[in-house]
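Listed in TrEMBL for this protein:
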type	residues	note
ACT_SITE	T296	active site
BINDING	E247, T296, D473, H474	Mn(2+) binding site
BINDING	H413	substrate binding site
DOMAIN	239-541	domain 'Sulfatase N-terminal'
TRANSMEM	34-54	transmembrane segment
TRANSMEM	61-82	transmembrane segment
TRANSMEM	117-135	transmembrane segment
TRANSMEM	147-165	transmembrane segment
Amino acid sequence: MGFFFLLALLFWLKNIFAYMVDFHLGIESSIQYFILFINPIATTLLLLSIALYVRRTKAAYITMLVIYFLMTLLLFSNVSYYREFTDFITINTMLGVGKVASGLGESAIRLFRPYDVLYFIDFIVLIAAFSMKKIKMDTRPVRARMAFAISTLAVMVFSANLFLAEADRPELLTRTFSRDYLVKYLGINAFTVYDGVQTYQASQVRAEASPNDMNEVESYVKEHYAEPNDDLFGIAKGKNVIYIHLESVQQFLIDYKLKDEDGVEHEVMPFINSLYHSDSTFSFDNFFHQVKAGKTSDAETLFENSLFGLNQGALFTQLGGKNTFEAAPDILGQTQGYTSAVFHGNTGTFWNRNETYKRFGYDYFFDASYYDVNDENSFQYGLHDKPFFEQSVQYLERLQQPFYSKFIAVSNHYPYSEFTNEEGGFPLANTSDQTINGYFATANYLDKAVEEFFNYLKESGLYENSVIVLYGDHYGISNSRNRNLAELLGKTSSTWTNFDNASLQRVPYMIHIPGQSNGGINHTYGGQVDALPTLLHLLGVDTSNYIQLGQDLFSDQNEQLVAFRDGDFVTPDYTYYSSTLYDNRTGMPINDPSDELQAKVDEWKAKVDKQLSVSDQINNGDLLRFYAKSGLEEVDPSTYNYKDALQQMMDIEKNLGSDSTSAFSQNGNQSTVDLYQTKTFQEYQQMTEQDSGE
Ligand code: GP9
Ligand code: MN
């Protein structure tokens, strides 16, 4: 029993340590502190007490240690996950983790802190103590009555805990406000069990969904639909679409200049800034990402389906290989004769893309296997951006036009390791956070890569005939790091608030249409879910029969209510973030809103919850399998083959003969690959130095 209580005490200490140091649970009162301090007790006693029922001495000790180890592992995994995602690990995340594990190793190591030893040092001490006989096994068996008494005590403590929690936060379990709440009130173990039960129930949801469920969805979509803007509808009809995914780029990088140690300013993304300010670009400066744990893949879900990702885990990994979609490549393929392709220099299984893209209707997926990737030109998430774009054009030039294509850049990805080769040289920021310091240099590299790609598009003639859409997928600097970023943004870390965190969720969204001159910076508030109807209307596609949850950003009917995936939201005047309402003009919290304002807020909140729940209904119930009114034929994934794409494209070229519209064919059956120019950072540096010397 002594050993039992020792382990219980140690685990309680670790848990409290994690609460104080790593998690930010927003404790607001002394009662909440009290609940926080007691919430590990019940489950720790209960789980460890299992070992007390084991009769044989050695087996009992081992069982207890194993349980103790597993609890520590769960706690520690949550600690490191939280550092990146500011969230806790769900069962779905655990189940999906195999799919994303390849390449996560180095990131995980970057997430370690020296004090993490504290979570594991006791194992070394305990094992040493046992082997040096400092702790001896007590061979007297624990009486069954005693074991039962402990388990019962645990259940009673849990009831008391739950009672206090419900008193402080009514409906905690029925409404599950957020995972933070569950951990704050009930602890990690209880949260994990609760989540497991919910996950199981979710799998039942799909099985039980019926065509009738579609009616409610349909009426919401009809009501929420925003009509296209007449002046812009169809201005890009028939053009190629080239999406450029700007990994982890936040809006604050636009026009940002980083000061080096001599006070000299360095523009981080000069080329992308020039696009941002171009008359041919429809740019947005109040456009927000809406992703959650599925990050890049959630952004892809939003942009291509006008549906949200899931509230837990990633839609791509959980449902991407199962559900029916009405995604952009499919719509454009079936209704406008587009060919579609994704380009990405990472392994195709990451985020389960290889399966999901088929269900999105993508004709081709050029993953890492299509590129020359080696240790020098890549990192854990795949091929670096300059060789990525350069090597992509040998495939791009073979696509029949019009095409819908997506280029997923990746170098500007956490951990933003600075380049140590000829790409190195852009100044690092000088904060105490390594991750922030490298962010500007990798963003600058991305900018150059995009510029080189644009140059090629112009040289090859593809440019004139294309709409080029650039977007940031999600934050690059997580909320837990933002205080360290404050100074670089002209703010102070001590006065940093959740309003500032919310504001930083803006990401770039630019639609560049060569030949147009009525672009400009549009201040409409919108989110990634709005992108698909916006784009389709520019391409002259009627979206009124599709199940899309966003609203065209150019429409007069656009509501400018932007939902975050966790139910928070932003409007042009107010921000609701982490249960607090802020005035956008002052950035200050509004603690006593007028009745009128409160009524507005309640209405917005209800609309946001509705939009999110309709999205979840569609996804979890796989409801699009019941929807025929779009007129689209259901995608059959088995007809897609992502191998030997070059051969497939060449066969098509051959069959079409003089009707082939690929850039290769239009160039007189000559490759355009030689038109691609790429240089390293150092080579560019030398060029500018020579210029200024002359
Ligand atoms: C990996 C890349 C990164 O292929 O898209 O995804 P993220 O970690 O940003 O979700
Ligand atoms: Mn990403």
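In case you wondered, yes, glycine gets a Cβ from its N, Cα and C as well.
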Tertiary contacts of the transmembrane segment (117-135), as residues 6+ beyond its ends and Cβ separation under 8 Å: 3, 10, 14, 17, 65, 69, 72, 75-76, 79
Cβ neighbour count (within 10 Å, all chains shown) around the residue listed as 'substrate binding site': 22
Cα-Cα distance linking E247 (Mn(2+) binding site) and the residue listed as 'substrate binding site', given in Å to the nearest integer: 6
Rounded Cα separation (Å) that holds between E247 (Mn(2+) binding site) and T296 (active site): 8
Cα-Cα distance linking the residue listed as 'active site' and H474 (Mn(2+) binding site), given in Å to the nearest integer: 7
Touch test for the transmembrane segment (61-82) and the transmembrane segment (147-165), at least 3 Cβ pairs under 8 Å: no
Cβ neighbour count (within 10 Å, all chains shown) around E247 (Mn(2+) binding site): 23
Stretch-averaged pLDDT - the domain 'Sulfatase N-terminal' (239-541): 96
Under 8 Å by Cβ from D473 (Mn(2+) binding site), counting only residues of that chain that are 6 or more apart: H245, L246, E247, S248, V249, H289, V291, K295, T296, A299, E300, V507
Remaining residues near the recorded Mn(2+) site, that is with C-beta within 8 Å of the centroid of the site residues E247, T296, D473, H474: H245, L246, S248, H289, V291, K295, A299, H413, G472
Other CB atoms, at most 10 A from the CB of T296 (active site): 24
